[in-house]
Amino acid sequence: MKALVKAKREEGIWMQHDVPVPEVGVHDVMIKVTKSAICGTDVHIYNWDEWSQKTVPVPMVVGHEYVGRVEKVGAEVEAFRPGERVSGEGHVTCGFCRNCRAGRRHLCRHTVGVGVNRPGSFAEYVVIPADNVYRIPDDIPDDIAAIFDPFGNATHTALSFDLVGEDVLVTGAGPIGVMAAAIARHVGARHVVVTDVNDYRLDLARRMGASRAVNVAKEDLRAVMSELGMREGFDVGLEMSGNGRAFRQLLEVMNHGGKVALLGIMAGPEPVDWSQVVFKGLQLKGVYGREMYETWYKMVAMLQSGLDLSAVVTHRFSIDDFQQGFDVMRSGRSGKVVLDWGAAR
């Protein structure tokens, strides 16, 4: 089959046409991929950064954001039938650790990542356990279904705390950050402020519904807070940037008793003024992936109740033009990039 493969321990990803079709175990489902999306993780793997070198075995079929149709099911699978439109949870969990057995699979100690530690979805076919397959309702378009993985990250992070009537700060205007901003507005936050230094992505945040999108290299965040009538600080902070300076500023402008969810990963150790956390009585929560499968149910419910994410998909290419997709992702001048397998030449 055709697939995008991390074939060498160097910068790049390569199209190969002779990749073996994955085998289907008795509890597995084979999905014929129709559309894929490029994740920031895929860009890290493309760049072959320090994390990728330590994490990804080579060769590896990459990718974990997709939508497709069931092609084949294993002998013991009863919940799915060929032809059904589906996506899949990208974290394969063990099922036996304490957290898995308690229903907290997103906290599994032995998580294996699709397209990172096991063959992924930048391929004509991907095989995952039936437990990881999620059926997509007919009223959700393919382009949105293909980004359920990062949409799930945004949902898990944003809905970590009650947002109704709250003032929310989102640090980082990448695709997940701007989707989190849209979610916060959808569920009833008062002011949603997004910070970044990338004007393209700040404009995207505005189109996704942010009250204010602030370039902190040019504007004073506290002045913006005053303009909005905020007197005591933000009630909820969502750290999506992985930038130490952004996190430190977030802590400075949080209200006493505020709540902070962190999805962004810092590149290395960062100095933090922990007195901000202690004396303000802040709550911090780390977020990894999606709650299985409460996050998925909430994603569908929000889309079916009017949440509009269409603006976050900014570029579309045929899978044969994947290099253009990676180039625009690496430029920082994009939202989500979707690759169409049906448009292959």
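Backbone N, Cα and C define each Cβ position, glycine as well.
Source: prediction; values computed, not measured.
If you check Swiss-Prot, you get these features:
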ACT_SITE  THR41  active site, charge relay system
ACT_SITE  HIS44  active site, charge relay system
BINDING   CYS39, HIS64, GLU65  Zn(2+) 1 binding site
BINDING   CYS94, CYS97, CYS100, CYS108  Zn(2+) 2 binding site
BINDING   ILE176, ASP196, ARG201, LEU263, GLY264, ILE265, VAL287, TYR288  NAD(+) binding site
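What Swiss-Prot annotates, mapped onto the structure for a quick look.
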residue: CYS39; record: Zn(2+) 1 binding site; Cβ neighbours (10 Å): 26
residue: HIS44; record: active site, charge relay system; Cβ neighbours (10 Å): 17
residue: GLU65; record: Zn(2+) 1 binding site; Cβ neighbours (10 Å): 31
residue: CYS94; record: Zn(2+) 2 binding site; Cβ neighbours (10 Å): 14
residue: CYS97; record: Zn(2+) 2 binding site; Cβ neighbours (10 Å): 16
residue: CYS108; record: Zn(2+) 2 binding site; Cβ neighbours (10 Å): 21
residue: ARG201; record: NAD(+) binding site; Cβ neighbours (10 Å): 23
residue: LEU263; record: NAD(+) binding site; Cβ neighbours (10 Å): 24
residue: ILE265; record: NAD(+) binding site; Cβ neighbours (10 Å): 13
residue: VAL287; record: NAD(+) binding site; Cβ neighbours (10 Å): 20
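Of all the Cβ atoms in the protein chains shown, 25 others lie within 10 Å of the Cβ of HIS64 (Zn(2+) 1 binding site). A coil conformation is recorded for GLY264 (NAD(+) binding site) in the three-state DSSP classification, outside any helix or strand. Scoring each of the binding-site residues (CYS100, ILE176) by how many neighbouring Cβ atoms lie within 10 Å, the top position goes to ILE176. Same-chain residues that are not part of CYS94, CYS97, CYS100, CYS108 yet have a Cβ within 8 Å of the Cβ center of the Zn(2+) 2 site turn out to be THR93, GLY95, PHE96, ARG98, ASN99, ARG101, ARG105, ARG109, HIS110, THR111. Taking the Cβ of THR41 (active site, charge relay system) as centre and 10 Å as the limit, one finds 23 other Cβ atoms among all the protein chains shown. Compute the center of the Cβ atoms of CYS39, HIS64, GLU65, which mark the site for Zn(2+) 1; besides them, the chain residues with Cβ within 8 Å of that center are SER36, ALA37, ILE38, THR41, ASP42, GLY63, TYR66, GLY90, GLY115, GLY120, SER121, ASP149, PRO150. Separation of the C-alpha atoms of CYS97 (Zn(2+) 2 binding site) and TYR288 (NAD(+) binding site): 17 Å, rounded to the nearest whole number.
A 10 Å radius around the C-alpha of HIS64 (Zn(2+) 1 binding site) takes in these recorded positions out of THR41, VAL287, TYR288, in sequence order: THR41. The binding-site residues listed here are ASP196, GLY264, TYR288; among them, ASP196 has the most other Cβ atoms within 10 Å of its own Cβ. Comparing CA positions across the binding-site residues GLU65, ARG201, VAL287, the one lying closest to CYS108 (Zn(2+) 2 binding site) turns out to be VAL287. The separation of THR41 (active site, charge relay system) from GLY264 (NAD(+) binding site), Cα to Cα, is 12 Å.
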